[in-house]
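Trainee: Structure in structure tokens, see below.
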Amino acid sequence: MSKINLSTMWSSFIKKIAKTILVAIACISLFLTSSPAANAYPFWAQETAPATPREATGRIVCANCHLGAKLTEVEVPQSVLPDTVFKAVVKIPYDTDVQQVLGDGSKGGLNVGAVLMLPEGFKIAPEDRIPQEWQEELADLYFMPYSEEQENVLLFGPMPGDEYQEVVFPILSPDPATDKSIHFGKYAVHAGGNRGRGQVYPAGNKSNNTTYNVSASGKITDITFEEYVGNQITIETPDSETVVDLVPPGPELLVAVGDTVEAGQVITNNPNVGGFGQADTEIVLQDANRVKWLMAFFALVMLAQIMLVLKKKQVEKVQAAEMNF
């Protein structure tokens, strides 16, 4: 009986191990086969620049893959008080009538993504701190911190661009009274906004959303198209060697059989209709006591002005009385 139980347990254990291995293989296969068609959106920045998405030059790393330049805007209040919730808005405008080249070469709508870099201590507001009137506006939005150590750097997307050309981040300001590492003052805010797929993947290889060049000089002797693979351009060089260049589905060829080309010559159009842009602004973490003292100062100045006016009128009355006398 004991042998039968052990045999059954061992068989069950082997099946579980096999199942786990198969699932792992399937996941790895899915990852490897789908990555070439994946969109290069903000989360790729975590892979290429895990420490910070902003380079020493001030450029956000998303620009390394999204080579087209487009407008992005960021709006934050001029100043905020400690431990308060406010809106930071990143605007990613584009023409919603255009369509981009997808991974398989077909056309489709553009997605958008955003990176918001706030001062240290600022972070996404907890759900219980978000005002009720904001709930509907923020219902379908999901934000992700850049890393566990950087809650002040936030990622959004990809999401459908025709619905999210304005992304509202509900932000909670820090309180220097409870966190001694935070200080009142003026701070920089950086934002990046992307629409559409990138032209280069983080590994450096091209996507099918960019231009393609020939690798050798010579005469094009053949062009063959294979679905899901693309166009194979056969070039006969002056040395009678044969070179075959591959252009994936998406870009349109600008050459034909019989054309003579030079090495490095662009042989496709540029299908990219999207692009990346970044914007910088400032926000002041304001001390409430300073605001109170400032208001008191203004009140004192106004009172002094009123007293001066009254004093002036009093002097004028005295002067008028002396003249009559």
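Using the three backbone atoms N, Cα and C, a Cβ is placed for every residue, glycine included.
Quick caveat, the model's predicted, so the values are computed rather than measured.
Annotations for this protein, taken from Swiss-Prot, read as follows:
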- 1-40: signal peptide (SIGNAL)
- Tyr41, Cys62, Cys65, His66: heme binding site (BINDING)
- 291-311: transmembrane segment (TRANSMEM)
Trainee: Can you tell me how many other Cβ atoms are located within 10 Å of the Cβ belonging to Cys62 (heme binding site)?
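Mentor: I count 25 other Cβ atoms within 10 Å of it.
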Trainee: Neighbour count, 10 Å Cβ-Cβ cut-off, for Cys65 (heme binding site): what number do you get?
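Mentor: Around the Cβ of Cys65 (heme binding site), 22 other Cβ atoms lie within 10 Å.
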Trainee: According to DSSP, does Cys62 (heme binding site) sit in a helix, a strand, or coil?
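Mentor: Going by the DSSP assignment, Cys62 (heme binding site) falls within a helical segment, counted as helix.
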